[in-house]
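One structure is given here, and the rest of the page talks about it.
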């Protein structure tokens with residue numbers, strides 16, 4: 001989520017490279033009259049990444065809205081994640097446009113706030129999906145009650161509310177445009193702001209890690225109970241259990257590998273470090289929003305079926321699709 005903040009060079013007046021101590025350069029917003037900016041390859045890659053993210057997640061939202069069968073709570077969560085990632089992708093595109101076309105301090109803060117809120121909502125939605133997976137296994141008998149629906153809607157309302165507040169902080173004045181000494185590696189955000197965002201991410205990551213460990217325990221316990229009932233663990237059950245645990249490891253590993261480098265750099269990095277360090281840790285973080293649709297949407301058979309029907313409504317399915325639980329999403 002903090003990745004949104006790293007786009008400090010989003011057009012505030014023209015982003016420029018300012019020489020720091022020892023000849024290093026860092027991203028900085030200049031209040032001088034804008035001069036034609038040279039095209040930065042890193043900015044191009046971020047824009048391309050944002051375009052891919054926006055297209056992928058727009059398709060997911062179109063599929064969910066098109067199919068009435070995908071209105072269950074678990075797909076509401078997937079839709080929330082797709083919405084957040086779609087906004088993040090659009091934010092990356094707008095950041096590029098405003099950086100090289102429209103240069104304004106106000107636009108810069110609005111863009112940064114928009115990106116902070118979008119990425120925060122994306123990470124929060126991932127946490128909500130993890131909680132939903134855990135509840136679907138831990139309280140399997142009561143999961144499909146109205147209480148679960150209320151819980152999910154409450155989680156989403158809280159996630160988007162907190163994300164919006166985090167996005168408004170730079171716009172409401174928590175920035176370093178008037179005090180360059182307070183800047184972080186992700187100008188115009190302050191060091192304290194970035195520390196708050198990074199700490200929030202670490203907390204969410206630890207909660208997700210704990211929940212996935214508990215989910216693995218439940219999966220293994222279910223496999224053991226089946227083995228006791230059948231007096232042995234069949235090969236199919238062993239393969240299914242191993243696949244389930246491996247899938248959870250891949251999901252958490254992908255999330256951590258995408259965001260941890262940037263979150264750590266935001267805490268330990270110095271504003272005088274070369275700006276390439278910020279770009280190099282930010283770009284992988286954006287890839288998480290590109291991978292999310294593949295992990296949480298396109299792998300689901302119901303979404304695959306709805307996708308085929310969306311693009312070819314006349315197609316008649318001969319293959320039966322089983323209804324999947326949230327733990328399969």
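Yeah, the Cβs are placed from backbone N, Cα and C, and that goes for glycine too.
Among the residue ranges 108-129, 218-239, the one that TrEMBL annotates as transmembrane segment is 108-129. TrEMBL assigns the feature transmembrane segment to one of the listed ranges (19-41, 42-64), namely 42-64. Transmembrane segment is the annotation TrEMBL gives to one range among 276-298, 299-321, and that range is 276-298. When pLDDT values are averaged over the domain 'G-protein coupled receptors family 1 profile' (56-296), the model yields 87.
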